[in-house]
Structure formats: structure tokens, C-alpha cells
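In Swiss-Prot this protein carries:
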DNA_BIND  238-428  DNA-binding region
BINDING   CYS319, HIS322, CYS375, CYS379  Zn(2+) binding site
COMPBIAS  466-476  compositional bias 'Low complexity'
REGION    450-477  region 'Disordered'
REGION    535-564  region 'Required for tertiary structure stability of the protein'
Amino acid sequence: MNTEATDSQLSVLIKKEKIVPDSQEVDGNTTRELGDNTLDEIINGQFSPLMSQNSENELEKHLRSTPGIEGVFESLLHNEIQEPDITHLSLMSTHPSESGRQPELIKTRTRTPRIVNDGPLQQTSRSELLDLNALFDTEESALMNQSIESETTLTQFLGGSQPIDYLRERTKEEQDKRNQMRQEEKLIKKMQKAQVEKARSEMFSERNHEFEPMECDNDEEDVFRAVKEDSSNREKEEEWLTFEVKKERASKVSDFEFETVVNDGIYLWAKMKCNIPFIVKWNVSSCHKQLFLKVRLVNYMASDNIENSIRVPSNLAKCHNHRMTEEKTPRESFFYVVKSGEHWTPQINSKKDQCFVAKLAPGTTQVLFDLIFKCQRSCLDLAERRKRMCLAVFLEDENGNELLHDVIKQLLIVGYPRRDWKNFCEKRGDFKFSEKSLLVQTTNNIFADQSSLHSGPSSPEKVTDTSQMFQSTSSSSRKRAASDVKFVASAVPSSDQQSYPMRLHGCESRRMEMSFYRKFKENEDSLSNKRPRSQYGLQRQVKLSEKEYSKFVAFFAKEGENEISKYASAHCLTPAQASRLDPSDKIEKFLAFVGDESAADNFRKHGLFTMLDLDKYFQVYDSAFETIGVDSSKMEKYYDLFLHYHRVQENIRYNQPK
């Protein structure tokens, strides 16, 4: 028999053999291919690979049908039968007994843990091939004691389609990689479990529990219907919280003022060392048994998001003088909670968080309390004054989680709240010149009660007749009452469009006209129900000649120069700087007189660089400073100084030769 031909034929048969799937799940392990020496050992009967019954049957079928290699088959079969028995292995069979299977070919093996190598396949030399005979001869071998359970067939052994598992210790890199994979798997499982629990809780919370009424009387059906309606109404209730100023509980109206701006929140002007009453109302679910109310004062930049700023501790600090003279505790707190039925605990930490917390009784839906501020905006540093101050309330559960909140967008602690509030309102509305009285109202026909003590005159000709004005009083009473009647000659603008200089000076060259006005002495700050006293007087529209008008302009120009010099000396200007304003002067000089140099950028944005530009701008816009956007607290100074400047310039233009 030709051995080379026989080997080649056997190789062809082995390559054409179908691969029988193994019973084990094998990962990508490192495998080694058998070389030519292993084939020679198999043919010579010196080496018998482990084969499954199916592989043996298929191999026997092909070998018996192939002429010339019966000797090879007999050699393999004889070697398989004479294989030494491994007595120390388990007697458990990995496959059930099949019909027609030879009992002497059944082998029992045990499964052992395998170390899987995830690396790429490595090619090994012929000398590194595994010799199973050497392993079987050494019974004390560790590899033999921990037998490899494998149902690898002959074709899988020779063709390299089945990876071989080896028992060895993991390297440090492999162990770290395996530990990392286990941690990632645990984290993924934990996240999946949390998502499932969250979805399950949402499903139970959103589930509508409906009552199915049983067959009963009409009264019981009504009870079930009422229960269903009650549960549906409870679910429709929305959770809300409001934080408002209780003006009715104020001791004085001048202590504070607040303005609710549409789409811009609440603005509050409050006086220092005065009680400001507040009320907080809310509606939350009944599942929260223990609630906490927190009041926090925050100082934040106008460019920041207020929703984020109120949740971050502010760096607001009370000034040193007020902190040293403070009697309440803690001394460094900017405000305190007084006149409240709840117990408030301050939380003033190292981060200067201005916060007070109250533990509420179960079932509480509103809280009344007063706040007293012990420092004001003018005490702060320049960097702190540029920020905005707001007051926020938070409703929290027993775990400190926020449920609802509300905020007063801007809080201003000032000396005169009503004055600053009016300036704020004037900035939003149409501004009027300060020299025009807002209380003077012209009436063409005055109808007064004749039975009244102060009855109006029946005609303009009888305005000076005091005997008709006070008919039912004595002589002394008439004299005393007549002293209260004032005849005022004021310049009132006509209905026609006036020129710009005339509107500034408050006069118009028209004919003399006589009319009456009635001025009410109303005290807006008083809550008295007394009837306001009316005063009747004379009102005139004056017509001036050219000479009189020149004197009039010169008088106001001189007065304007004196007022401008006062502004200059008040702001400590050097002698080199002139105490007057000229059209060629830069706008910075005008702002230095007012004391608001930081507003120069607003003027430059509108193209105003000199006083001449500002004069032309006023001829287009009456409310120029509101359009520019200056500080409302300094609005009166702006208009007053510009009025004096324009009167001086009008005198210069009027006296120039035509």
C-alpha cells in the first residue's frame, strides 16, 4: 500500500467531511492546528483523537467504502478500543445512548470551567502541538486532573473548525478587563431596574381607579357615583402657590409700594426697619404629610436666569455698620421674619445664604408673616448695587425636595418707596415737565352747590366779589375764608402746537385771556374720609411784547447759569473745567454735572456725543431721557439741568444779530 497516496486520500476525505456541531458553546478561543506529524500518528495508530459517536459512524462509513485503506481503519478502530480507561473521571455520560451504538466506545467525561481567551488566533509551530498521549501517561498532571470536556470530532480536530480550550491562569490585563466588563454589566442592570421601577410607579400613579357598582338599590348607586365624581375632581385639582404682599395689614401706606407688571412679575419698594406683610397660599397633593416653607433673599445679575439664581445661595452680605448695631440674631442676616404663627429657623451659613425655614403643621394651606429689612440698597458696594435683589419662597417636602415656588422679581430697599415707585411709573408712561403743575385743571363752566360754604362765582366778572362767595358766614369768617382764596396767574399752554423754546419756557405770545381753575388739596398719602377743600382762582394766558420777552429770556438765562454753577460745584469740578455748558461740550461733561457718568454708553448708542446733538434730539422727542433709558431716580436732575442749559442757549441765540 502506498502510504503517501493513502495519506492524501485520507486528507481529502477529512476535508470533505461535514462538521458535526459540538454540544458546548465555545467563544473565540485561541486554537492550534495539527501538523503532518499528527496525521502520521493517527494513521500509524499511535494517536487516537477523541471523537463523538456520530463522527465515528460517519468516518467508519467513508473508510469502509474507500478501497485500499481498510488497514488504516482497522488500526484506528483497534487503537480506539485499546484506549486506557480513565477511572478517576465522572461516570456521567454527556450524550444519551443511541440505538446501534457500541457500549465499549462510550466515554464519560465531566465539565470543568474554562478560561476563554478573546485574543486573535495564533499560528503555532509543529513542535508546540498538543500530545494527548503524554497527558494520559501522566496521571498526576494538573491538566489531567482537571479534564477538558470536549466533544471535538476528528474532522474538527484536523480541519481547525473547532477551537480548543486550555486551562491556564488569567493575566492581569485579562482579569482587569473581565472585572470592568462585570462592573459595566452590573451598572446596566441597575439602570434598567431603575427605569422599570420608575415606569411602574408612573403607571400606578396615572391609573384611574374606577369603582364598579354592584347590583344594589338606588341609594348605593348614588354613593358609588359620588365617590367616582369625588376622585375625578381630586385628580383635576392643580397644584399652585402664590406669594403676595398683604397691603391691608400694613401699619403705614408709605412703608412700601408694589407694582405688578404684566409678563414681568412683581416689583416691591420697601423701607428699611418697617414690617412688610406677606401671605403665602398653596394647594398640593394630600400625600405630602410634612411640609416646609423656605424664604430666601437673593442678589443676582440681571443677565442671569432668575429661575437658576433663586436656587443658588447668594453672596449678599449686610453692611458693617448695620451688622454691628444689630440686636436680632443672627446679626449678619439681611432680613428677619416677625409676627408669624410658625417657628422660623435661620439658615445663614458660610456661603452667606439669606434663608429662613419654617416647619408647617399637617393640613396647613397658607401662612401669614411679616419681613423686616435691616439694611438697604445704598449700603451695598457698587458691584452689589448693580445686581438685582429678589425674594423667593419654596414649598418643600420632608426630604427637602422642592414642590412649588414663587418669586418677587425685584425688591428695592430704599428710603422713600413711594417716590421711587412714582419714578418707576413715570419712566414707563409719558413724562411731563416738572414746572407744569399736575393739579391745575382748567374748567370752562363751574357748577358748585349753592348751599355749600365755598360756592363758586356765578360769572367771571363777580370773581372778586367776596360777599357773593360767602353768603352765610359772618364778617370775620368771610375775611378768614377770603385769605384762603388764591388768585394765581399761571402760564397755561394752549391747545395749538407750540414751538419748542416756548414749551420749555412755559409761555406763549398770545392775547390776554381770563378763566378760572379749581385746585383740590388732596393728600394722597392720607386715608382720611374728609371732603377735599376746593380753591378758586384766576388763570391767565399772557401776551408779551418783544421787549418784555427779551427781559423774560434774560432773566431765566441768568437763573440758569446760577443753577448750572451749583451743579458744577456739587460734583467737585476743578477750576480748569468751566462751570457752564456749551453746545460743543461733550456729553460726558453733562453727565458729570448730573453725577451719572456710567450712563455715557446709553447716549452713545443713540448717536448723542455733544450737547448740540442732545438739543436736536429733544426737538424730536419730548421724553428724550426716557427714550435713552436713564436711571429713574435721577430723571428729575436730568430734566432740570437740561432746562437751565437750554434757557442759557436760548438767550444767546435771541441776542445774536439777525
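Each position is counted from 1, following the chain as shown.
Placed from the backbone N, Cα and C atoms, the Cβ positions cover glycine too.
The Cβ of HIS322 (Zn(2+) binding site) lies under 8 Å from the Cβ of LYS374, CYS375, CYS379, each on the same chain and at least six residues away in sequence. Taking the mean position of the Cβ atoms of CYS319, HIS322, CYS375, CYS379 as the Zn(2+) site, the remaining same-chain residues with a Cβ inside 8 Å of that point are LYS318, HIS320, ASN321, ARG323, LYS374, GLN376, LEU380.
Take the CB of CYS379 (Zn(2+) binding site) and look out to 10 A: across all protein chains shown you find 17 other CB atoms. Annotation for the binding-site residues CYS319, CYS375: lowest Cβ count within 10 Å of the residue's own Cβ, CYS319. When secondary structure is read from DSSP and collapsed to three states, CYS379 (Zn(2+) binding site) falls in the helix class.
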